Amino acid sequence: MAQIGTDCLAAKAFLEAGDVVGIPTETVYGLAGNALNPDAVLRIFTVKNRPAFDPLIVHTDTLDKVNRYVTHLPDAARQLAEAVWPGPLTLLLPKRALVPDLTTSGLPTVAIRIPNHPLTLHLLSQLDFPLAAPSANPFGYISPTTAAHVAEQLGDQIPYVLDGGPCGIGVESTIIGFEKDQPTVYRLGGMALEQLTALVGPLTVRDHSTSNPQAPGMLSSHYAPRKPVFLLDPGEQPAETDEQTGALVFTDPLPGIPLENQRILAPGGTVTEAARNLFAHLRALDQLPLARIYAQRVPPEGLGRAVNDRLKRAAAR
Ligand code: TXA
Ligand code: MG
């Protein structure tokens, strides 16, 4: 069973030995291994039960190091990197040969980011390799936002989870790629579109709800709890309200559904809070003896867009 602790030296020793460990980031917890070591990367895919066609994000701690792994940084990428990193933004950039094909699932680009978490930044500064880290959940399940979530699901397969407390942002990083050096959003996430637009102007947002996604993590059934999820628009009432019905609501409980079956995403009414609570609340509802979960869409602004995107995927089956 994985040990949970705050010992960066322990995490470093496991990683240097080619093993994988849970690490905190500001978005969600990652399942980390040496991104340059194909055996460690293979171990990540195995532990997560992740198909090999779904590439990993590479984490490092300085822009200088990013340049060791990519051949070219378009102007817009440099601008975003300097403004946002460390932060909840992943950039798709042309990879150098030292990044194994296994890490990028054979793609010519590598997804890379500098995460904003003090423990993980410290760990990265002590390593002479970057960390490949997908979200630390079994493939297709809800992403973890605490060390305990990681240990519950992957604890029997990994030696250590570095505990950095609950994640401050709560949804995965925003992913941006460059088409003819023009930035395009591939995944809505922890960096709000409004902020990105303020930095680099209007952005194209790719709709990934297709059966042949460019970013395979965009498969429509991602983030799914084990129970069926039905989406509600604000003000819409659920069709069923028996004791086997649960609800994930924005600010106010739904009439008719038992209160103990409901979780409030944002008691203070902000989409930022909703993002921070989303996965923990969805996970808690999934663990109750319910037959169905209703989930209310949140205002489609700021991180609310990423929340609605995850809810839509949780509801898709
Ligand atoms: O916030 C995050 O991004 C978290 C933390 C741990 O950093 N990581 C995360 O990783 O969400 P993961 O593996 O759950 O999602 C990575 C996504 C997948 O949808 C994958 O398909 C996409 O990034 N991706 C990775 N490399 C790519 C590439 N070269 N081109 C297109 N998509 C890529
Ligand atoms: Mg994931």
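The backbone N, Cα and C atoms fix where each Cβ goes, and this holds for glycine too.
TrEMBL does not curate its annotations; it predicts them automatically.
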(request) May I ask you to find which of R43, R113 TrEMBL records for the L-threonine site already listed with T27, A133, S173? (result) R113
(message) For a Cβ distance below 6 Å to any atom of ligand 1, name the binding-site residues from R50, S135, S143 that qualify, or say none.
(response) S135
(request) Using a 10 angstroms cut-off on Cβ to Cβ distances, just flag whichever of T27, T109, S135, S143, S173 is the loneliest among these binding-site residues. (result) T109
(request) Please tell me which one of the binding-site residues listed here (T27, R113, A133, S173) sits closest to S143 (ATP binding site), measuring Cα to Cα? (result) T27
(request) Quick one: of R50, H59, T109, S135, R187, which binding-site residues lie within 10 angstroms of T27 (L-threonine binding site), measuring between C-alpha atoms? Sequence order, please. (result) S135
(message) I'd like the Cβ neighbour count for A133 (L-threonine binding site), meaning other Cβ atoms within 10 Å of its Cβ, all protein chains included.
(response) 26
(request) Would you mind pulling the DSSP three-state label for R187 (ATP binding site)? (result) strand
(message) Spatial neighbours of R113 (L-threonine binding site) among the binding-site residues R50, H59, S135, R187, defined as Cα within 10 A: which are they?
(response) H59
